[in-house]
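Since the structure comes first, as structure tokens, the remarks are kept for the end.
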Amino acid sequence: MSSDSSRRIQVPEELKEVLLQFSISFLVEQPPDVIDYAVEYFTKLQSERPSVSHTDQSTDDQLSVNSQDADAEPPVMASSRRKSVFAEAYDPEADDDDDGATAVFPKTDEQRARLVESVKNVLLFRSLEKEQMNQVLDAMFERKVQPGDFIIRQGDDGDNFYVIESGVYKVYINDKHINTYNHTGLFGELALLYNMPRAATVQAETSGLLWAMDRQTFRRILLKSAFRKRKMYEELLNSVPMLKALQNYERMNLADALVSKSYDNGERIIKQGDAADGMYFIEEGTVSVRMDQDDAEVEISQLGKGQYFGELALVTHRPRAASVYATGGVVKLAFLDVKAFERLLGPCMDIMKRNIDDYESQLVKIFGSKNNITDTR
């Protein structure tokens, strides 16, 4: 194959995302055998394919074309220059350092807003929660450049990711000019995960300012946060009596499927009459369960940390029969969508069905009848 034809080969965005997500999962789990873990990971991924929406796939196509130029490794380099992609080991369980030890580099509100806007469509940043994003933004450091400065050189090991604050920068591959950044853009994001040679050279055409993030800091923030969250989820799930019917590995799979959500005081979480899309476990705070009665909402119960709601609509396949509101400050919840619910909570189904009788008895005490409601959630 000629060099011209090889340069036309493009790595599909879907493949990039799958490999990146697998890499993150591998780093978090740190299994003893990468092959066995890969088989298990991709088998599970294949079983979940029907639940993947076209919307998620189309979002991947929105990744900035400019941001890929400096990291999209040409095939001609792959066989001779690729190095170990996980050169630095990091064990989040062994990291006892205080999060406050991470350096914080001051930025104006305007600069932070521009950074958020710049990175919001980068795959690695799309999955960050607000707290993680703030930690990443705090840790990004300033680099001033002068005309002629080389920011990255083709073939060098990748270490930093860059967001352009100001300046003009030219991108070269094999000394051929392929792109120009004009006071905006980003490059080098794959360096946050992979220890691989740079696939392009970026040189400053004018003086300018860059914000940079190094791989070790990013991975520490991301992986330590992910590790802590999983541990927290495991502790939360271990405290739920209903889930005692699950095996340990089933609870671990359940923890991996949970998605964090937060609601402010008074904010509605689910609405009576809506279709059920999942259930919730309460991480922090309290919620109020209310039902419409005579043109007014009547509180049925309050739930707190370690309790759950929303499951009975999934069991009965009926619309939500009550509304749930956050009360007493910010409420943090772990959300399990309906597909994962059906896949993971089969062993608990009998327990949840028995709970229906308890809720109906509660309705009789409050309203004098069940009002034909078989699901108060």
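Cβ coordinates are placed from backbone N, Cα and C, and glycine is handled just like the others.
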Feature motif 'Pseudophosphorylation motif' in Swiss-Prot, mapped to one of the ranges 6-10, 81-85, 126-130, 181-185: 81-85
Candidate set Y90, Y194, Y280, annotation phosphotyrosine, source Swiss-Prot, matching residue: Y90
Selected residue, Swiss-Prot feature phosphoserine, from candidates S58, S288: S58
Phosphoserine: annotated position in Swiss-Prot, out of S64, S79: S64
Where R290 (3',5'-cyclic AMP 2 binding site) sits in the secondary structure, as DSSP reduces it to three classes: strand
Count of other CB atoms lying within 10 Å of the CB belonging to V338 (3',5'-cyclic AMP 2 binding site): 17
For G306 (3',5'-cyclic AMP 2 binding site), the number of other Cβ atoms found within 10 Å of its own Cβ: 15
Position of peak Cβ density within 10 Å, selected from the binding-site residues M242, A322: A322
